[in-house]
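Asks: Can you keep this structure in mind? I'll have questions shortly.
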């Protein structure tokens, strides 16, 4: 929209079914694209817009934003009885911070908003006691913004909001002051929601602001009425879609315990396992306290009202995890906001951080796997193709390029840097198509190979390279991008131990031969 490039619009951003707010993409990636566009227009940078800057500029902004997490940990550690520097080391050394929080995920924004919310609900006087909550307005704004970013934010916000409410009830003696806090929160939440709804409605209904200045009073009312009829509330569309099990099954169904047993371990390693062990101990302790005899003599256990230690942090960690486990589609990235309560819990003084060597090795392996190997050849491949498409030879003599991707993640077409008006590049995404479908498509492209300036490239992982040889076509050029690991088509261990390991961990760019 800003750079006038050809892109693939995901279904969530189509005007027929808008499930994602456009506000955050415009405020993050949109701002960086506007900056590089302005630099190029002002002749400060003649070639600012290229595949590298399109990728790196939003990531650079997210990397800067990621220090909100560091600030939050440093601010929260004294309140929750954690060692600030130990918590910061755990945070900075985690591959979740290094890989996920430097990339443009809505989950990353969700984690940052969750961190800010925890800072707002956790305040302390200089004397050490809990301060009277005074951030009602900001809490309302952040909760609503998080909800529009990802409706699952409510699962993360539930415990902080309950904790904040318990502090208010506990500290206020006047019912009038109590009501005032909640009214501030509700009013600011409503105002924030109106801002998001208005922005999304304008974007997805393509209503130009010029209409408001070029119409008379009666038509202005008509435009407002039309806006009201087409009002876009993206979180409700998101929830109505995701609450349908059939829709979730289209994206992959997982057992309900996947977050607990697989994704938590995959992201946080031994810290997740230790938290589960501590959670069972806490549960056993409070169940024991709920026994009738102890109830009479000790009273009911308070988890939220007066607890400022590990038990509450465990609730901040496990309650969102439990809510997210109710959905059948469970990806590891959904849990990345939970790194904050986990590192705070793991760095409390009475919990000495053990397993240091294991933590270091685990995070090195995670950073290598998810930050380098996993689908690692796709972006360099697009860099290579962008240079090829925009080479001086291609500029002098227009050529037509067909790029067929198979068994890779969806290629981000924007990195090819093709204007919307340019029709000389066609991208075909075969996803994980079977051998028969893939060969049929390749043969169809080969049979249509008629023009002298046509070039057909097939991009495929080395693990399924042999499939293409069965399609009855030959190739003029082969380019291997290393490394690239496809978990959907993993390399075979015996092959890795042979001399052919490099091709198994690579992504091939194959140019079809005209004389096949």
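Every residue gets a Cβ built from N, Cα and C, even glycine.
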Asks: What range among 334-350, 385-401, 402-418 does TrEMBL record as transmembrane segment?
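Replies: So the range that TrEMBL calls transmembrane segment is 334-350.
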Asks: Pick from 121-146, 225-250, 303-328, 433-458: which range does TrEMBL record as transmembrane segment?
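Replies: Result: 303-328 is the stretch TrEMBL calls transmembrane segment.
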Asks: Would you mind telling me which of 20-43, 260-283 TrEMBL tags as transmembrane segment?
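Replies: Going through 20-43, 260-283 one by one, TrEMBL gives transmembrane segment for 260-283.
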Asks: If contact means at least 3 Cβ pairs within less than 8 Å, sequence distance 6 or more, would you call the transmembrane segment (260-283) and the transmembrane segment (357-378) in contact?
Replies: yes
Asks: How about long-range neighbours of the transmembrane segment (334-350): same chain, 6 or more residues beyond its ends, C-beta under 8 Å?
Replies: 69, 72-73, 76-77, 80-83, 86-87, 90-91, 94, 96-97, 100-101, 105, 107-108, 110-111, 114-115, 118, 152, 156, 259, 263-264, 267-268, 271-272, 274-275, 278, 309-310, 313-314, 316-317, 320-321, 324
